[in-house]
Each structure stands twice: as structure tokens, then as C-alpha cells.
Amino acid sequence: MTSSGKIRIYELSKDLGLENKDVLHAAEKLSIAAKSHSSSISDDEAKRIRGLLRQGSAANSAPPSKSEPGKTILSVKKAAPTAIKDVAPPMRKATSSSEISQVKPSAPANPTPTSPERLSRESVAHPAPPTRPVNPTTTPTSSPPKTAARPVNAPISRPATPSRPSAPTPRSANKPSSPVPPSTGSKDPRAGQTSTSSKATTVSGGGPRPKIISRPQSPAAPGRSAPPAKPSIPSDRKAPKPELVGRPKPKRPVVAPPSRPEPEGQRPDKKRPGISPRPIGGPNQRANTPQRPGAPIRQGKTRPGQPRSAGNTLELVGKPIRRDRSDAGSAGRDSNNRPGAPTRPGMPAGMRKPVAPGELMQLQKPTGRPGTPPPRRPDGTSVGTRGGSEGATPPVERPASPTAPKRPGHRPAQAPAAGAPRRPGRPDWDDSAKLEALRNKSPQKQRQKVHIIGENDDALTAETSGYAGEQQAVVLTASLARPAKPKSQKKPASKPVAALRKRKKETTRQRQRRRAMELRAAREAKQVRPEMLIVPEANLTVQELADMLSIESSEIIKSLFFKGITATVTQSLDLPTIEAVAEEFGVPVLQDDIEEAAKKTTEMIEETDLAHLIRRPPVVTVMGHVDHGKTSLLDAIRKARVAAVEAGGITQHIGAYQVEIDHGGQPRKITFLDTPGHQAFTAMRARGTKVTDIAVLVVAADDGVRPQTLEAISHARAAKVPIIVAINKTDKEGASPERVKQELSDQNLLSEEWGGDVVMVPVSAIKGENIDKLLEMILLVTEVEDLQANPDRLAKGTVIEAHLDKAKGPVATLLIQNGTLKTGDVLAAGPVLGKVRAMVDDSGARLKQAGPADAVEALGFSEVPTAGDEFEVYPDEKSARAVVGERASDARATRLAQQMASRRVSLAAMSGQASDGELKELNLILKADVQGSVEAILGSLEQLPKDEVQVRVLLSAPGEITETDVDLAAASGAVIVGFNTSMASGAKRAADATGVDVRDYDVIYKLLEDIQMAMEGLLEPELVEESLGEAEVRAVFTIGKSAVAGCYITTGKLQRNCRVRVRRAKQVVFEGDLDSLRRNKDDVKEVATGFECGIGCDRFANWEERDIIEAHKLVTKRRTLSSS
């Protein structure tokens, strides 16, 4: 099948199991243009051709019900084993839909039987020319008793006009025909063919009725031939006569199977459709007409679509029929109603009897070999026997098993030409006949073929090859078939399997087409674009972006090319470019998807806890913009002063505090989490929201809604927790709580006073106003939420913060969300294994155990755990270590990917910048007090412009600065940056010895500013044009070849060797250096405003009055980082 929905002729023939020429012939009948086997036709035309071929195949393969003219095949089998010595009367078989029967009377002149040896010599040495018989009829003859007949093929007559087979109807194949004596006469040929039972010829004399074999599919087994019957005087009895049968009128027109067009000289006369061929001796029939034998057809089942002409015939057992030389007139037609091939001189004019390959040797040599089968007579009668006794029982051949359709491997050979000369002492067959003789002798070959090809039989070759010729080949194949050996009886059953397996084998074209379809389907399935693109890092390569968008990388490269950007698949793209490309393909971009970090992914309460749940304290996260008073509000609640001791007055850690208050006469606990408000601590805020139950949003009354306020709102909504708004700083001048409510209403946070569902409480942290009301609202919302946990199980929770203490080692702040944590418990926090050695609360008091919603600091981890990881207590260390091992490998892979992403730069960009001297890198080693601070600083560094200077963080970890860090910095030329940490012993001395720059910060603002200034310091300073002044030309003085301009300084000043630009009528006519500056014939360095001077330039002398001279100089200026 071609890609345009067409099919080629050879592919259609392969599907139908036919030859190319058969399909071409069918296409010609349907007026379909097809020149050769490689021509393409449409699916509709292919369907028409298939219908035509299948219709013809069905018509030819059905059991025949009515005989047709010109298509008779008579097959005679060996007699069944009986003791009867009488001659069995031969019977003529009823014709099938594609056959016509004609029984020839025997006409030899000798009334006595002749021995086989004598006949062999006579037939070889003296072939008799064909003679014209005088109205012969058959009479009963005597023959040697109990000799089996060799299969005989009847001469086949062909009408003068082409005929189409009529629609066959089923008939009984086992019903014997009544014996009828033949006679010659002119009678309507259709009269003898209307009955469903076949009419046959008999010989006079009573005898047993011939036994009819009910399995017509297998060819007759060759046996011993009986002596031919003697001719007798024509009889005058009235009986249905064997005669040339004309063309009956078909009841229903049926399309004939496609066949090869006949040569011009062999086409029947279409103008005389009603004329039947006459026997020899008639007025319109010539004697000695050249005859051709039918083409052989392979043994066994016919192929699909092929008429089974021989397979459906009745096989008769009895005495063979003697042929007369008068058969020549009607034997000149083949089974397809075509003229036959001419016979050799001396041979009868009728169809020559096909002989087995073993008998060909006897025919070609003057004397026969002893022990070889005797040849046949030239008149068609059997000469000798194979030496069997009278009582020998011939083997009964069973029909072969159906075989799968199989295309012929070569063209079948045909009979030699009649006029071909024969050299004495030399066989006249070709090599193909020898080859086929060897094949016929092989017991493994079931499809017997005999090809007797003459030199001048090109037309016969064309007719008998392929689909059309196989219909004729059954006659020769059946006559030459030998009994199958018992070994090979089971082999035909395996042939259909082999044929089917061979047909299932894929060709190269089919395999390529299948792979192309699979690739196309996979590409179409892959092109399901995501609804939203989440960019985890600041940049992506073209290939990574193509994979995330489920498109080809070439599409992105083409899109970038149209935007003026030349990129490769390994090119790194920054966030603006990624957004532009993604929007072009209709996919929005979200960077770092901070909302995902705030979503609650793990359910802490399991099904086994449902029977043991009790109320637990709420976890409240205080969120809001920087400097809006979150920590001051917590100080007012806790009655402490944490804000006063914080560096820079801002919170840079997440803190966990537990407050116990009296509510309704009962003590109630509330756990508060204080989150940073600086923009660098987005991950900390998201972490706090992930574990919280209630979010308290602090908004300053004098500042309103700010960016981090909006971020806190999105975090709370992502975590699906209730929001309580605390409007702080109501005591300050300019405070407007109503304005804050209005701004919050724009974010779908509507106050209860305005008909919404959000609790808003105006408070003052400094004066302590409405603090009790805020706590009451928190407890009220807690009761509505119905927070519960199971304290009687092993603890589960989240790591809020972690850091490396100089004395205590790794320390983690844990929030227990379910169960009870006890000292000595073995827990796994992400990829870190720990055993609780000690626990302290927010006030520093040691604890033995901690229940749900408690926040504690735990000691005893193997290393600093990652903030935000969930921890779980295991019953023993073995199970915990197994879990940690799996997580550690995943954590290493993730950490390596992040490090590679931080230093990712495309090779093309690096080589280009290096060639221009623009490649700059700043190597950093970052040490901080807690994991959250490291996370915040790394996130801020990602936001810095990286077009001209790349920041590479070689090492980032919580803890103090060690001597190992100093050695790494010295080897890589890095700067050590510490945040709220100290230097270990020996690190300071090592840094001084190696000259490593160590910076320590306690406020994140200053740290980020210094890093940005260091990055700008790596940039080359740029030259900036600085204006000096202007002067106007008042007069021009010519001195030799040069000229001097007398000028008046209008603004600024002029300096010698400065850059000048001469403008004339707003056009620049010269730009260069000022070489000479004089005042009153003295060289001066500069001239100020309001003075006159003379100016000379070595490369310019075309001064004119009223020219404007602009003086400037180039100065270096520190470059700043550009975001583009």
C-alpha cells in the first residue's frame, strides 16, 4: 500500500495468491488502467478486481450441474480388485461447469489384440499417419482379463466461439451413469446435457457396471494398461451418441476467471457463436489439423480462485477406451476451448496421450529397456503392462490433504512442437523435462509436474503458465501421478503450516511501514502537551524544554530562530525565553511552583489510629510581609522580647513556640510557628504552612497588602487551612484598618463584618490591644476544625528547622503531628538516621517525651537533616536503617542534579564569552547556621543576573567554617561566605596563610549586596563619554597647508588632547583629537568659558565660521549587572 492510499498490482496479486498477469487481465476486463505489475490503482479499483476474481473463483470451484461445450476432461482409473474377467463397459463422465465430454470411437483395423512388445516396436519404428475414419462406432472387444487401465485423457474439443461458464449447481458425484452406446450423427448437443446425471458411452456386450470412485480430488494411480478394444462395424442402434457438444445457453451469466489473452491466430471466431466443431470427416473439418496437448496442472487441491476442472470429475474404473485416428478433428482443442498444439508426424491427430517421465526414455529410443514400462501406441492405446498378475490388487490412492495456496516457482513447461525434427539416438526433451522427471521420482514431492516444451510453443507457454494455464494442467498431472508412499502421506498436512508461516513473514517494506506507523502513533501519543509548565530551575536546555512541552526540539529551535536567537539542543535558556517559547505553544509557565511546597502531601492519621483519637492543640503559623510585626505579636502573646535580640530586627529563622492559656476555666495549648517575612525565605514560609492548622495573616494597618502578604495568602489556600487576619499597628498614625479590609476583599478575603467568612481582628502588638480576642478566635476556629491525633503510637511529624551546633552536633526542630516521641527512639528523617539522645522545648527545658502538636529540639542525628522532611519513628534500628539507605541514594542523585543545574552553562555560550574575554565566574563556599538559611541564600543567588558573571556554589551546608573549607577555597579560588556562623579552630590561621577571603554576615540583605558587588567587580569597566564644553568658530586662519580656528568658549571648558566633535548645520563633519590649544600665542592646557582661543587639529583643516566644537573625554565607570 502506498502512502497515498493506493495499492500496486504486484501487492494485490500477492494478497490474492495469483500471478501479476492474471490481475492485469482482470483489470483490463474492468477497463482499469494498469500497464505493468508496478502500476498503482486505487482501493475502489482493487475491490472491483477482488470481486471479479472471487466471483470467477466461486463459480469454478462449485460442483457442476450442467455441462458446457468445449471443456471436457475424461479421467479413467484403474479397475477395482475383482475376479470378473469380463470387460467392464467404459462410461463417459458427465461434464463439469468447465468441461465438455467427447468419447471417440476406436478405429484400429486389426481386430486381434497385439502384444505390448510388438506394439512398442511398431509405435516407435513406424508411426502411422492420421487417417480419416468412416463413421466408426464402438463394439465390445475382448481383452486380457484383470488388467487395470492406465488413466486416459480424452481429446478435448473447443467450440468456435468463446463461452463463459454458467453458474454451477451441485450434483451428485457418486451417482453412476447408465451405459449408452455411442453413435455418430448430428444431434442437438444440448439435449444430452440437461439432466443432472451424466450420460456415458458403453460397448456392446453385457458386463458389470463400472465402479465409480467417490473421491475425485486425487489423480488416478497409474497401473497396467489393457490391450485396446477392437473397432467394429458401425451399428445402427438408436442410442444417445457421444458427439461434439456445442455451446449451451447459460442460465445465468457468470464472469469467467481471468486468463491470458490468446494470440491472434488462436482466437475463436466471435461472429459464429452457435457453431460447434465437427468431427473428422464432416464437411467443414480439415484433417491433420495441428493439435496441442493441454498444459499440466499440479496435483492436489487447486489454489483459491482457480477452477477445479479435473478435481471435480468422476473417475471411472474399467477398460480403457481405444482411440481412433478420427479423433484428430476434435482433439485439436484444449481444455480451455483453445486450439491445440500440432502433433508430430506419424502421431494421431487427436490429443497425444501424456506419458510418465519413465516412459519418455522408451519412446525416444529404438529399443526399449527390459524392465521399463512399455510406451503407448501412437494411436493412444496402452501397449504393455508392468508385469503384474491377473489377481493383483492395485493400490487405492486417497485424495491428498488440502494444501495452502502457493505461488508457482517457475512457469510450467509444455509439449514440444509437432514439426520439430527428431535426431536418431538422442532424446528430444530439454533439461527441464529431466529435472521434472527427477522431481516426480522423489517421494517428498507431492505436486507432480511434467513439462514437455517445444521450441515453437511460445503461445502455448503463455497460455499454460500462471492462473489460466493451471486449469489445463490437471489432465497431465493426473495421468502421470504415482501412488503416494506411506511415509509421505502425512507430509501434505504439514505443508499448509509451512505455507502459512511463509506468508506471515514480513517483507522489508512491510516492516518499514509498520515501524513508521508505530513511530507516528508514538509521536502523536507523546504530543499531549501539559496544561502548565513548571520550571524547577532558573534555566533549561532546549532539549529539556522540548521534553517538558512534548514537542520536537527542532520546533523550539525554529521558534527561537524567528525571534532572532540561534540555539542548539544543548543551549541553556533563561526564564524569559522559556516563558516566551512556552506561551507560543499555549502552555503557561510557573517558576518553582511554590504552592506545591505548601500542599499537605502526607496524611499523618492512619486507619489504625481512628479508634484512639483525642483532641490535640492547634498549630498556628504567623505569616505576613516583612516588618509588619509578626514577631512582636508573638512576643506580646508569649510575653517575651524575641524581636529585640534579632539581628537587623528581622526574623531569619522559623521559630516554634508553645503557649498555654486559660480558656473557659481550662488550660489550652497553642503551638505557634514564626516564619520569616523576607522574600528570600519563601521555602520557609511554605514549610510552615504545610504543617499548620490555622494561618494568622498579619497585615500592618499603615502599610496594607504587600507582595509577601499575597504570597502568604496563596500558601494558606494551597494548604487549605483557615485564615485569621490580624490587622497590626492600629495605634500608629496613619493606620487605616478599613483600607486594609478593602484591599483584602480584592483578594477574596471578605470580613465577617462585611458579610464574609474571614475573621479579622485589629490588634496592637506594642500596646497589647485585642491580643486576648485574637487567641479566643484561634481557639474558636480550632473547635470548628476538630483537630485530633493518637498519642498511643510511634511518633510522626515534620522537620521544621535544622542546624549544626558546635557543641551539640546536628540539631533539628521537630513538630510532632501524630503519636508520642520519647527519648531513645530511633527515627528516620528523610535520608538521615537518628536516635533521640535529648529533647528540649522552646524555653530550653529538657523533656522525656513530647505529644502531638509539640515542637521540640532533638539531638542525636547522624547528620543535619533537611528542613521540611518528614520523620517517623521505627521500632528498631534495623528497619530504620533499611529505609534510610533507599532514601540516601535518591537524595544523592537529587543533590547532584541541583549542583549541575547551578553551574550549568552551554558550551557554545561559554566558548563565545571566553573568546570575547567576557567569561567570568564567582566561586562561593556557603556555610550557615541552619538548613533553612542555606536554602534561602541559594534561592536568592538564583535570582541574580547571570548573563555576564556565573555564580558557582561549590559547597553549601549548615555548620561552622572548618579548615577543610579553607583548603577547598584555596584550591578553587573561591570566597567563603558565612551566615550566622563561626570559624573552627585552625580555620582562621589557615585562611590567613593561604589568603582566602572569608566573609561573615548576620543579615541576609548585606550578604546578597556584597555578592552582587563582587560579581560587578569582575566585569570590565566601561568607557563613558563625559562632556567638557562647547566652543564656536568665529574666524579661520590659514597657516601654510593647515588652518587654525579662532574660537570662543560658550560653555564648559576645552582641554588639550581631548576629544572634539565638529558640527556644521547639525551634521558632524569631523571627530577626533584636539592637538593644539593656544591662547595669545601661548600653548595652554585648558581654556575656560568666556575666553577666546585658537584650536588646531592635525587631521582637519576645513574650518568654517559658525562651526560648533563639542569637547568631551572618555572616563571609566564601574559596570552593573544587567538582567538582559
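Including glycine, each Cβ sits where the backbone N, Cα and C put it.
Among the residue ranges 674-677, 962-965, 1078-1081, the one that Swiss-Prot annotates as region 'G3' is 674-677. Across the region 'G4' (728-731), the DSSP tally of helix, strand and coil residues reads 0 helix, 1 strand, 3 coil.
In this structure, the binding-site residues under consideration are T675, T730, and the one with the smallest number of other Cβ atoms within 10 Å of its Cβ is T730. The DSSP breakdown of the compositional bias 'Low complexity' (32-41), given as helix, strand and coil counts, is 0 helix, 2 strand, 8 coil.
Secondary structure from DSSP puts G624 (GTP binding site) in a beta strand. The Cβ neighbour count for K630 (GTP binding site), using a 10 Å radius over every protein chain in view, is 29. Regional average pLDDT for the region 'G4' (728-731) in the model is 84.
In this view, D627 (GTP binding site) is surrounded by 16 other Cβ atoms within 10 Å of its Cβ, with every protein chain counted.
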